[in-house]
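Chemist: Below is a structure I'd like to ask you about.
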Amino acid sequence: MNFLMKVDFIKFYRYRVVFYHLMWWIFYIFYELSSVYFAISELYLERYFSYFLVNVLLFYTHIIILNRTKHLTRARFFKVLLLIILETLVFLAIKLLLDHLYSNGHGLMFSEITQFIALDFNRNLFFAGLATLFWAASNISVFERKAKDAEIKQLMAARDNLTLEASLARSQNALLKQQINPHLLFNSLNFIHSLVYNNSPEAAQNVILLADIMRYGIEETDKDGKILLADEVEQVHNLIRISQARFEHNNKVDFSVSGEVANQRLIPMVLITLVENVFKHGNFRDYPATIKLMLNQPGKLKFLTRNKSKPKTSYARLRSTGLENIRIRLDFTYGQDYTLLTREVNGFFEADLNITL
């Protein structure tokens, strides 16, 4: 029903446009014929309608050519210019042919030809100008709408940038809260390491690994906010070692790296956050977790995690603060050059990160 109504509306609109055009030309013909009659007291209807038909064709031909300027490029500009020149020559030739046919059989003298060329050219110029005015009036609303759409897009982009900057500021503030008084923290970890070393060298080693991860997390990055990918991978290995020691090596994790890691750079704590999410919500008793880092294409990073989920953690993981924070940071740094997809499939949680480095 809606489709039929739409078709009927289009037909009505087209018929209305045709009707308006016909009314305009009838009014114009009546005006011009009246002017001619009052001027010379006689009318040559056959001759007038022949010329008028050519003028109407010129009018709509010129509008068709002008429609090609809506998305004007340098190449299209020269094509439009060529079409206008061709239009001028063709319709001028048609008018001269009509002049010859209506010359009472004696043909046109050279002096007459130059006069007719001047008259015909001025007449063609008048109808081309009329078509230009009509085209401009018809499209001014289109141009205004495009200008408003462009302005709205700019305002929306500015708004999105402000929102993103505010979110990034909150994310950075959360990170700063974790960096308060790092010297006290590391001194405390060194003290704990000294206390437990004699009783449990393995526990002492894990304290060192933890301190290394925390030191990495608060280290300053380069001006572009990035670090070496190799450093991030090293800390992923440290996190896996700590987690395995924590669960007495019962959490099975298959971590693999393929491709060239050296000299690649990205923002810090992204891969670590995804891996930490695996250990926080994963069930490793019967199903090992899979973590893959792939750099098989130049400038392309792909990072996959997959693990069995603990009961009733899916929604919490999809709404994880850590995941939301890294999305904000990835948005700010990479924009459209990354994707991070998280999903729950048959009780397994999957994260799929792709970045153009």
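The backbone N, Cα and C atoms fix where each Cβ goes, glycine too.
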Chemist: With TrEMBL as the source, identify the stretch among 145-172, 229-256, 313-340 annotated coiled coil.
Modeler: 145-172
Chemist: Could you tell me what the rest of the chain brings near the transmembrane segment (80-98), counting residues at least six beyond its ends with Cβ under 8 Å?
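Modeler: Hits for the transmembrane segment (80-98): 47, 50-51, 54, 57-58, 61-62, 65, 68-69, 72, 108, 113, 116-117, 120-121, 123-124, 128.
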Chemist: Using Cβ atoms and a strict cutoff of less than 8 Å, what residues sit near the transmembrane segment (51-68) while being 6 or more residues removed from its termini?
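Modeler: Sequence-remote neighbours of the transmembrane segment (51-68) are 25, 29, 76, 79-80, 83-84, 87, 91, 94-95, 98, 123-124, 127-128, 130-132, 134-135.
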